Structures are given as structure tokens and as C-alpha cells.
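K.L.:
Handing you a structure now.
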Amino acid sequence: MSTVDKMLIKGIRSFSPENKHVITFFKPLTLIVGPNGAGKTTIIECLKLSCTGELPPNSRSGHSFIHDPKVRSPLSNFILHLLYLLSFLDVKVAGETETKGQIKLRFKTAAAKDVVCIRSFQLTQKTSKMEFKAIESVLQTINPHTGEKVCLSYRCADMDREIPALMGVSKAVLENVIFVHQDESSWPLQDPSTLKKKFDDIFSATRYTKALEAIKKLHKDQAQEIKTYKLKLENLQTLKDAAYKLRENIAQDQEKSESLKAQIKELERTIEGVENNILHAETTVKELRKLQDQISMKTSARSTLYKLQQTQYAALAEENEDTDEELKEWQSKFEERITLLETKINKLEREMNDEETKSSLLLQTINDTTREIGKLQAEADAHMSLRHERDLAIQRIFTKYNFGSLPDAPFSIDVALNLTNRMKTRLSDVEMELQERKNSNEMELKFLWDRYVTANARCSEVDSQKQAKYEAKSGILRRMKEKENERDLAERELSSLNLSHIDERERNLQIEVERKTVLLGEKDYESIISQKRTEIFSLDQKIKSLYREKDILASDSEDRVKLDMKKEEFESCKRKLKKLLEDNKERIRGVLKGRVPSDKDLKKEITNALGSLTKEYNDLNSKTMEAEKEMKLLQMKIQDSKSHIVKLQKDVDAKRRFLVSKLQALLQTPGDIDSFPNVLLESMEKRDVQKSKYNIADGMRQMFDPFERVARAHHICPCCERPFSPYEEDEFVKKQRVKSASSAEHMKLLAVESSNADTNFQQLDKLRMIYEEYVKLKKETTPLAEKNLEELMEDVTQKSQAFDDVVIILKMQLVGVLAHVKAEKDAIDVLLQPVETINRIWQEMENLKPQIEDLEYKLDSRGQGVRSMEEIQLQINSLQNKRESLSADVENLREEQKFLNSDLSNIQMRWHALREEKLKASSILHKVKKAEEDLVILVEEKDQIELDEKHLLEAVVPLMKEKEKLLQDYEDLKLKLDREYDEHAENKRGFQQDIEMLMTLNNRIKEYLDSKKVEKLKDLQERHGLSESQLQRCDTRKQEISTDLNKSKELMRNQDQLKRNIDDNLNYRKTKADVDELTHEIESLEEKVLSIGSMSSLEADLKKHLQTKERLLSEMNRCHGTLSVYQSNISKYKIDLKHAQYNDIDKRYFNQLIQLKTTEMANKDLDRYYNALDK
């Protein structure tokens, strides 16, 4: 149980804010006694506010609950009167005070823990109103572990909830029962709606209604959730079926992929064997072609050699009959003689070449010397012309600039240098003069410009002063306007106030306040009311003791009457129970299989029997639902299969249309899709043929240039190595070039045809994958899907037949079960009402037993009283009459005191209002005086500024004229000085250009003299004469050597004729031997060709093997394409399975099913709870 220990009150109503008042509450009872106005009710109000946070009635939102800041001590009244007097002296005082109140309550919680509740408030008196606010709310507890105080700050609303919870008593009970205010204690006599609300708050009756509404709302929300869960479950079922279908497709495609891989491996082994056969056949064909090439090459070489042999035989002057050894001996002797002659000829040729080289060097030396001499002579002539030009330039400058007399021309180098230095000195003097003139001009211009800047600054200063004066004048006018408005407003406010009337009203109210205060003190209402309340309290104690004695006397008779009534009621219930059991005994035995349970367990047994029957019926119903669900699943699979077949047919039609359109675009003729493999094969063969033609032509074209180079380099035929004559060589090269030029055009044509054939084949090859997908869809996928659909249809037919059989069996069983359940249910329904009545009577009997026993025990333990009931009643009536008269007197005194207090407070409030009005009038009067003084000062300032503006306007005109005159003088002088300076500068530039030209001529003359080209010219002339004499000697020696060389060559030619005859015989015999040898080699090669076989049979075998390879490759490519399709389908299915919607689909489906079932069970429990609460 919670108890209140202590309470501290500070600054609440009549409790002083400077002192702390502590009230201790003793056990088991604490009486609060005091005169009127002592604060007894305030204690109850503080208890109620601390526990519930509710302010007492008529507290004006807390303004009258906190200690009034205006109620002060005599010293405070003296200070207030002094402030009042100061207000007439225009002394400003602050009109704001405040009072802080605090309630600190210590109590024990329901758990017997000490808790201190602190609530603080503040009431502030402002100029026109009072402001109340709660400062803080704190709960202090003691930490059981450390023993330290723990403070927790709360908002007021949280504190209002926390304290009733700690006390274990509801806020309504604290507010309306325990700490009810005397002005609100009559709430049981108020209107029914308010009374109902109070009782509902006290007894918390609305909790059941709210609980029912919450259960109903929760039931509705869960029903909606069940619908949502069912939809989610159906969606998850669909996703689960789709995932199962994807896994099944992956398994099927993987099986087909494995079979295709095995087939591809078998095809690869077969292709490897065919490639070995092709390699052997190609090797044989290459060997045969090589032998044929050798035969043709040797045949052409033999024919070439045979033609050479006939040509050599025809060219022989005479056929020598000597042996080869003799001819070779003759050849070696001739060679020795020819070698000696060749050695002499070579020696003479070397000497001839040496002399020619020497003469050519001398000739080159003579030519170089001649060029150098001519060049130096030209430079000498140019030097003389430069000297002449220099002399003329000096004469022209001296004449133009009056430098005085000159010596006779031509001038020597020293004279020309002296004259040039004189001119350069004169130029430097001119430059210094020009610079001095420029400096003097700048100083004159600067002097004038400084005067202009000074005048301009004075003008700007006067303008800025004018602008400042204008702005100051505008600000003064604006301030004057504001002050006039402020003065007019204050005068209007002052005119509305009557100061003499206010003073008279204030004196009258002060006299009235003093009179009311004296009257209230003389009557001393609080002491009289306290005395009468003490008498009333003593009378109440006496009345309570008499009532207690009366109750003790009356309770015995009342308990005996109650005991008789309870026993009679118990016997009546016993008879009713026995009668009901006898009437329904047979029915109970029929329902419970011959058993009759005790009265206590009867209702439980009947309920269990009904539950078992309901469960059996629900099991049969659930089996039917599962069968129907399985049928629906099969029907959904059939629907998916049909949609899949329709989709496959659409894909087949789309691919067929696409292939037909592409074939028509490529072939430019209507094409059938079945002819696509033949079209692809023809395109591939055409591409190969065009490519082979292009390769052959390219190989032939690449041979033309090497043939031409070989023919030009070795003068032989590149094919048969036959020597070429110059004419034959030229004809061969010409033919090769013509063929190369014509083959270029042919190559371009073949390249275009090959590119077109290759492009056509590439486009058809791209369509091959689509064609294979089309064939697969048409011949494999679609039949497989139709087969699956047929299997599903057969499965559905079988299961539907089985389902129909099950349904028939279940219906037959259900009819029997339902008939049995119906009979038992009817019997139970008939028994339900009697069983409920039996259970209720039994409960009543169980409740009556302890009551009867308690009453019997009470009557045995009590004794008899002394006085009679009538005596006690007479004494109670007399004491009550006396108490009522005293209460009426107390109420009258309270009313009279309340009337006087209210009258006094009203008069005080009116007095304070008048004082505030008087203070306001004095402040307005002060404002008017201040505004008039400010206006006078502002008018003086404005007049002074206007006078200053007039003086500035008179001073600015001559300054402007002076500034313009100075600017014009500055511009005129600048123009004049610039013109004179430009003339002098132009003369100086002309003089400088003439001197620079003269300096250039002098530098060129000096460079020529420094280079010493005169001495070099004389030296070259001497060397030129010496080289000409040496050249004449070389020519004489060359003529002598040429005569000896011609004689030696003539002798060499005679020997050559004889040697050529011997060489021709030897070459003829060699060529004949080579022809015989080639004939023998050709015959041996032809025998090898006959042993190998014919070329046509080998090429036929090779073509057959190639066709077999192409067929196997196409089959393997088809298998690869089909395998890639299967693999792409597998990856696609796996990607689909990786989608978030298929992740843990079985687990999600199972969890959703559990959630749905548990929610349905919870909803059923909510129904039962609602029905139980509703009863």
C-alpha cells in the first residue's frame, strides 16, 4: 500500500515564497486544523497537484494558485509608495516582478520504496498581465545498490502518468475520491453523462469496450492479412511450379547435350580417319604432279637444248674431227697467248687511265682556278664601285647638312674614316638636343596639368560638400517629419486622458481599500469559523461512534436473515440440479457411450465429444481439398504446356518467315525454306571456286615480275634456261608486261566476284543458326512439348477418374458419417442448454457454501449490546440537528468573508489600474516635451545647412571656368610642342639613316680589305699558267699509249677468231651430251608415273574423301549448333532460376503456408476471445 510521508510547500497561495513550510503526515491518521485562510484546503490542493498534475478549480490557469507578487510586506508597501512618487518626477522604474512556488512530496510507492516528487512553478507580474508557467518536474529515488540519490527530470505529462503508477492507484481515483476538492465533491449529484464518465474513469470500465474494439479491429486486419497471405501463397505456388519446370528443362537439355557430345566425339574420330585418307591422297597427287612437272620441265629443257644443238651445228664454220682432248689442249695454248696479250693490253689501258685521270684533274684544277679568278676579279670591281658610292654619299651628306669643305675625290680610307667620325659626332649632338627639347616640353606640360588637377580637385571638393549638405538636409527633414508625427500621436493620446479625474478616483479608491481592510480585520472570520469547525468535528466523532454501535446491533439480525436466505437458496439449487440430472441422464449416457460424469466435468466431456466429431469431419474435408488442389495443379501444368506449344509454333512461324524473306532478298527469286541446305552448299562451292580462281590468277601474276627480272639479269628463259638474244629478250619482257597489265584487270574482276560470293556465303552462314533453331523447334522441341502435353493429359485423365472414384467413395462415407454426426450433434445440441444450466447451478452452489460457513461463524462469535436501537437513534438525531445548525453558521460566515475578500480584491485591482494609467499619462507628457525640443534643434540645423548650400553654389562657378581654361591651354601647348618635336625627330631620323648607310658601305669596304683577296688573286693567276703547261704534256703521253694499245688489240682479235671456232665445237658436243642425258631422265620419270597410277583416279578418290569430310563436318557443325542451343537454353534456365523470385522458393512457400495457417488459427482464437468478452 502507498502512503504519504511529508510535503514541503513554498510560494503556493498564502504560503510565503521566502519560507519553507513542511507538513508531516502521521499514521494512522493526520488531522489538519486551522483558522480560515490558514491554508488547509491548499494542502489538499498541493497533494492533488503533486500526484495528478491537475490545478484546483477557480485557479485562473494557475494565476491565483501561486502566491500573488503584488501582496507584499509593510516594507514592500513603503517601497511601492516611493516608486509611485518617483513616477511624477519622470523617473522610470521597472514594472515586472515574479514569484516562484514549489511543492515537494515524499511518499512510499506500492512496492514500499521512498520517492520524492518535486514540482516547481513561476508567476511573473508584467506591465499589463500575469504569466504562469511550470518550471520543472523531478522524481528523486535512492539507488538500492549505492545508496545515492538519483534524480530524473520529466515533462509534466510524463510525471502525471508516472506518479499514479508508482502509487498503484489510478489518476481518476486520486482526483475524484482521495484528493477531491471541496468545490467538486458534489460530482455524484451531477448530470448522468458526467456521472457516467466519472465512474468509467474510476472503475476503468472503458477498458473492456476498448478491448472488444481492439479485438474486432485486429480480427478484421488479420482477415485482410489472410487474404493477402492466400494471394501470396498462390503466387508462390505458381513460382514453385515454374521453378520445377525450369529444373526439369535443365535436366532434359543436359541429357541431350551429353548425347550430342558423344555424337560429336564419334564424328571427330571419323573425320580424323577421313583426313588421314585425304592427306595420303593429297601426298600422292602432289608427288604425281611433281613428277609430271619434272617431266614437263625436263622435256622443255631437252627441246630447248635440242634447238640449241641444231643452232650450234648450223653456226659451225667447220666441224672439227679432233678429239675433245686435242681441242682442249689447243684451247689451253691459245689461252696462254691470249693471257699475255691481255696482260699487255691491261697494262697499257691502266697507263692510259692514269694519264686520263691526271689530265682530268689538271683540267678540273684549271677550271676551278678560272672560276676563283673570275670571282675575285668581280669582287675587286665591286670594291671599287663601293668606294665610289661611299665618296658620293659623303659629298651628299656634307652638302645637305653644311659640314664644310671636302678634299678631292677619291678619298682614301683614313680620310673617309675621319669624315665619318665627324658626322657621327654631329649625330650624337643632334640626339642630345632633341632629348633636352623633349624634357623641357614635358616639364611645361606637367606644370599646366598640375594647375588643372588642382582646380579640378577644388571643384570636386565643392561638389561633394554640396551633395553632403543636400543629404544632411534630407535627413533633417525626414527626422522633423517623424518627430512631428510622434508629437501629434502623443498629444492625441494625452487629450483622451483626464488627469484631474484620475487623481480624484485614485484617492477615493485608496480610502475605500483602507476601510475594507480595517472592516475585514475587525470581524476575524477565520477564528470564528475555526471554532465552529472544531465543534462540528467533535459532533461528527460522537455520531460515528453511535452509528458504529447501531451497526453492531443491526448486523446480527441482518446476518441471521442472510443465513436463512442463503440456506434456502442452496437447497433450491440442489433440487433443480437433481431434477435436471434425472431428466437428461439417458441423453448424457447416449452421447458419452454409457458414462455419466460428475457435475463438475459434465460440460467438459460434452465439449470434447463435439470437438472430436468436428475434427473427423474436417479431416475428410481436407482430403477432398488436397485432391482438388492436385487436380488444379495438373490443369495449370496443362495450360502452361499449351501456352508453351503456342509460343513454339509462333517462334517457328516467325523464323520461317524471316528465313524465307532473307532467302528471297539474297537469291532474288522465290525460295523454299527446305532448299536452304542446298543453297548454302552451292554458295560455299561457288565461293571456293571463285577463291581458287583468284589464287591461281594471283600466283600467275606474282610470277611475271620475277620472270622479267631473271630474263634481264641472266639473259635466259626463266622456264627452260635457254639463252636469249637481245630481240628475244625484249619480246619476252614485252609479253610479260602485257600479260601483267591484262591480269590486273582480270584480278580485279575475280576479286569482286570472290568477294560477292564470300559475302553471299557469310550471310547464308549467319542464317544457318536460325535455320538449325527452326529445324530443332519444328522437329524436336515442338513434338517434345506436344508429347509432354499428351502425357499430362493422360495423367489428368487418370487422376480425374481416380478423383471421381475417391469423391464417390468419400461422398458415400460422408453421407454415413454426416448422418451419424448429425444425430450425435442434435443430441448434443439438445443437451447444451441443460448442461449450461447444470454447470451454472453447480457454480452457484459452490459460491453459496463459503458464504453460509462465514455467516455461521460470525453469529457464533458475537455478543449482545447494552442499549436499545431507539435510544441510540434519538441521540443520533439530536447530534445531527446540532451539527447541521453549526454547518449553516459556518457556511454563512464563509459567504460573508468571501464577499468581503472579493470586494477588497476588486477595489485593489481598480486602484492598480488607475496608477498604471497615471504613469502612462506622465510618460506621454514627457514624450511631447522631448519631441518639441528636438523639432527646434532640427529647424536650426536645417537653416544652417541651407545657408552653407548658398555659399557653395556661389563659389563653384568661377572654379568651373578656371578649370575649363586650364584644360584648353594644356591641350593647345601639347599640340604645338608635339608638332615641333616631330619635325626635329624627322630630321634626326633622316640624318641617322644617311650615316647608317655610309657606315654600311665603310664596313663592306673594310671587310674586303681585311680578307686580303688582292694577294689571293695574283697567286691564283700564277697557278693557272702552271696547270695549263702540265696539261699539254699529259696529252702528248696519251697519244703515244693509244698507238701501242691499238696494235695489241688487233693482234688479240685475230687470235679470238680461232679460239671461237674451237669453243663452238666444244659447246656443240656438250649440248648434244646434255640432250641425251635429259632423254634418259625423262624415260625414267615416265616409268615412275606409270607405277603410281593415273591422275584422274587419284583426284576422284580425293574428291570423294573431301565430300565425305564436308558431310561429316556439316553434321558435326549441326551437332555443335544444336549443342550450343541446348547450352544457351540451360544457361538461360539457370539465369532464370537465379532470379530473386525463385530464391529459396520451397522454403518461402512452406513459410508462407505456415504463416497463413497460424494466422487463421490466431484469428479463430480472436473470435473465441471476442465472444468470451462479449458475454
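Placed from the backbone N, Cα and C atoms, the Cβ positions cover glycine too.
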K.L.:
Out of 473-500, 837-864, 1005-1032, which range is noted as coiled coil by TrEMBL?
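P.N.:
Residues 473-500 are the ones TrEMBL records as coiled coil.
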K.L.:
Mind checking which residues of the chain, 6+ beyond the ends of the coiled coil (473-500), have their Cβ under 8 Å from one of its Cβ atoms?
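P.N.:
Apart from its flanks, the coiled coil (473-500) reaches 917-918, 920-921, 924-925, 927-928, 931-932, 934-935, 938-939, 941-942, 945-946, 949.
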K.L.:
Same chain only, sequence gap of 6 or more: which residues have a CB within under 8 Å of the CB of C717 (Zn(2+) binding site)?
P.N.:
T304, A711, F724, F732
K.L.:
Including all protein chains displayed, how many Cβ atoms other than that of C720 (Zn(2+) binding site) lie within 10 Å of its Cβ?
P.N.:
17
K.L.:
Can you break down the domain 'Zinc-hook' (670-769) into helix, strand and coil residue counts using DSSP?
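P.N.:
For the domain 'Zinc-hook' (670-769), the helix, strand and coil counts are 86 helix, 2 strand, 12 coil.
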